[in-house]
Amino acid sequence: MMPSFCLAGTLMMALFLSSLRPESLDPCVEVDSNTSYQCMDRNLNKIPDNIPSSVKHLDLSFNPLKTLGSHSFFNFPELKLLDLSRCEIETIEDKAYQGLHQLTTLILTGNPIQNLSKGTFSGLANLQNLVAVEIKLASLDSLPIGHLVTLKKLNVAHNLIHSFKLPEYFSNLTNLEHLDLSNNYIQTIYYTDLQTLRENPQLNLSLELSLNPIDFIQPGAFQGIRLHELTLRSNFNSTNVMKTCIHNLDGLQVHRLILGEFKNERNVERFDRYVIEGLCKVTIEEFRFTYANEFSEDITDFDCLANVSAMSLANVYLKRLEDIPKYFKWQTLAVIRCELKQFPPLELPFLKRLIFITNKGATSFPEVNLPSLTFLDLSGNGMSFRGCCSYTDLGARSLKHLDLSFNGVISMSENFMGLEQLEYLDFQHSTLKKATEFSMFLPLEKLLYLDISYTNTKIDFNGIFFGLTSLNTLKMAGNSFKDNILSNVFTNTTNLTFLDISKCQLQQVSWGVFDTLHRLELLNMSHNNLLLLDLFHYKQLHSLKTLDCSFNHIETSKGIMQHFPKSLAFLNLTNNPFACICEHQNFLQWVKDQRLFLVKTEQMTCATPVEMKDSLVLDFRNATCYVQKTIISVSVISVLVVSTIAFLVYKFYFHLILIAGCKKYSRGESIYDAFVIYSSQDEDWVRNELVKNLEEGVPPFQLCLHYRDFIPGVAIAANIIQEGFHKSRKVIVVVSRHFIQSRWCIFEYEIAQTWQFLSSHSGIIFIVLEKVEKSLLKQQVELYRLLSRNTYLEWEDNALGRHIFWRRLKKALLDGRAWNPEGATEAENNQQETTTSI
């Protein structure tokens, strides 16, 4: 029974644990440590208990909270942003937000709130931004926010509001800057609706009324009203309604007026000049007109807008824009995506900023006269310039900002004469011609920003950037250099702080390229073909903070890693084919040690060897190299030892045989008195002199001679050792010129040395048969040294010399010989008998 009971308990526990949702255990994601938590869409029906009191940003959106009880967030006194979007909240009890004194942003979007009592928003002493979009709000009166005196932005868009009447409590909201009433059901605007604003002229309110179906504005409704911004987009269902309503804006003072429609909300079929004429009684500082399909040809009469400081036309279909009077006080003109067929010939003495972008119909730049112009943006038009760039080409002497990016072919024929005030210059994604034929930027000593990225420029002239002594930002990505080598083109740009040379097909970097860029903070060399990370190139970049070498062909580094500038904070080496081999062990270990300093080390993968392909560089283990080094070291040492032994065995094979023989014959008696080593060229002397005087003399000596005593059929070397050395007491070495030149003689002599060492007594007798030149004798170093230090016999072919020679030789041979008196007497008698008979 017990096992069954345990099994049932285990199954019940498993079922219980499986029924728990993961989010119920740890429902929120910690975005920033103890300050930001994301609990979106976790099926929560209450505030989680495990959120710390230090939280500042809390996202509870898309959870079925249903109800917010009193003091729901009392535990989060540091909270600054609270997102309760689409939490199905129907009821918010009084003091629900009590204790949130630091809260600045509250988002209630998409909650079907049934009732908002006076105490709903109590406790929000510092609230600045309230988002109450799509909460089924019927009127502004039902929103109890009169006490939120710190409120700056109120967004009640997409509700059920029909009346534009601003409640009296707005007079308390003295800090309110933006009111968004867009996408409601406001149809009419009356004079009394704005009475609160008239009574509180200190308000500087921006009012968003777009997407309300306005069909009537009471004449004079905006009389005496001053606004920072008024936006009316896609409000009118016909041209006539729009004209009437615009005319009834008379008396309004507004800093910025925005009219028009949205891209996907087009109601007005055609715009004519009467729409613009309705603005003559409105005081406007800036005017923007957006998204208009059809414009009458006579709408170019902008006299009612002559005194605005900024004029903007965006996505307005204009066939032409010309004949703008000189007296217009426009300081800014922006024409954006208006499909103009040609650039307007402008002559506006007050104009300071001209933005003419993405108008694909205008392909050339006409003559203009804009003496006050400081900002010119002509990007994205597809224009071509046959000659550029000087004052006569652009009609402006005071230019500080020039943007010619995303255009066609720009032929550089002049070096910006008359444009010496330029501080910003952008050519990116236009095609530059003749850019490297001369120092085209030479007069631009004040230029701070230059972008020639993707201009099809091949840089083969080191003086291209001469004159740019103040430049701090240089972007030249997507171009190329001669022979794909980064040359010394930055010697004059000593104030650079930002340099982008990515996608330039670079394979090498010349020495000293960056040596003058001591202020450089960011260097982008990504998407090139560099093979090595050569640290010496960056040694002089004392201010460098960011280096991007990603997407190259870098396998390892070159140089000492400490040569990196100490100021460097971010290094990106991702997407390089690293070689994770022991040869690069130091670099790979450095990557591990600097993982916090390197960008996205988890994306740094190995390309080689095959077994580590696509594995992380961080997974490389140094222990593998130590094992391999140990194996290699042991293998090398073993091979060396075996080779040495083999060599020694080969070289001293006969010496070893001699040693073995010495052990074998050490206890036996010698057969011969001496083994004679000599050259075959000296054999006559050996037979006629040496043998005759020693073997036939008194006392007689028995010599071992190879021609007489060696055993036939046995190897010469074996005979030398076994018959010569092992069976002889002494060794006689007959030294001559022939002896020194004979390899066999030298071999026999070396064996004799070993034999003498093993026998532990002086057993070698040297006979110098003839005078031998020292130079020849020195070829055999050991023999020369031995003859220099030891006594030897020298053959002299005269009576006295012979007598002394034979006496000394016999005495040497008798040394160590066992004495036999009878044998000696018999030998002496035999010698006397022989003499008598003769």
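Here the Cβ of each residue, glycine as well, is placed from N, Cα and C on the backbone.
Keep in mind the model is a prediction, meaning the values are calculated, not measured.
Of the cysteines Cys549, Cys580, Cys606, Cys625, only one is given by Swiss-Prot as the disulfide partner of Cys582: Cys625. Take the candidates Cys338, Cys389; Swiss-Prot pairs Cys388 in a disulfide bond with Cys389. The record in Swiss-Prot lists a disulphide bond between Cys580 and one of Cys549, Cys606, namely Cys606. The recorded disulfide partner of Cys280, taken from Swiss-Prot and restricted to Cys245, Cys304, is Cys304. The number of other Cβ atoms within 10 Å of the Cβ belonging to Cys580 (disulfide bond), over all protein chains shown, comes to 26.
Away from its own ends, the repeat 'LRR 15' (519-539) comes close to residues 472, 477, 484, 494-509, 511, 513, 545-561, 563-565, 572-573 of its chain (Cβ-Cβ under 8 Å, at least six residues beyond either end). For Cys606 (disulfide bond), the count of additional Cβ atoms within 10 Å of its Cβ stands at 22 [all protein chains shown]. Helix, strand and coil counts from DSSP across the domain 'LRRCT' (576-627) read 27 helix, 8 strand, 17 coil.
Within the chain carrying the repeat 'LRR 11' (421-442), a Cβ under 8 angstroms from the stretch's Cβ atoms is held by residues 374, 379, 397-415, 448-461, 463-468, 475, all 6 or more beyond its ends. Here the candidates are the disulfide-bonded residues Cys28, Cys388, Cys580, Cys606, and by Cα distance the one nearest Cys304 (disulfide bond) turns out to be Cys388. Sequence-distant neighbours of the repeat 'LRR 6' (175-198) (same chain, 6+ residues past either end, Cβ-Cβ under 8 Å): 128, 149-168, 204-218, 220-228, 231. With every protein chain in view, the residue among the disulfide-bonded residues Cys39, Cys280, Cys389 whose Cβ has the most Cβ partners within 10 Å turns out to be Cys389. Helix, strand and coil counts from DSSP across the repeat 'LRR 6' (175-198) read 8 helix, 5 strand, 11 coil. Around the Cβ of Cys28 (disulfide bond), the same chain contributes Tyr37, Gln38, Cys39, Arg42, Pro48, Asn50, Ile51, each under 8 angstroms and 6 or more positions distant in sequence.
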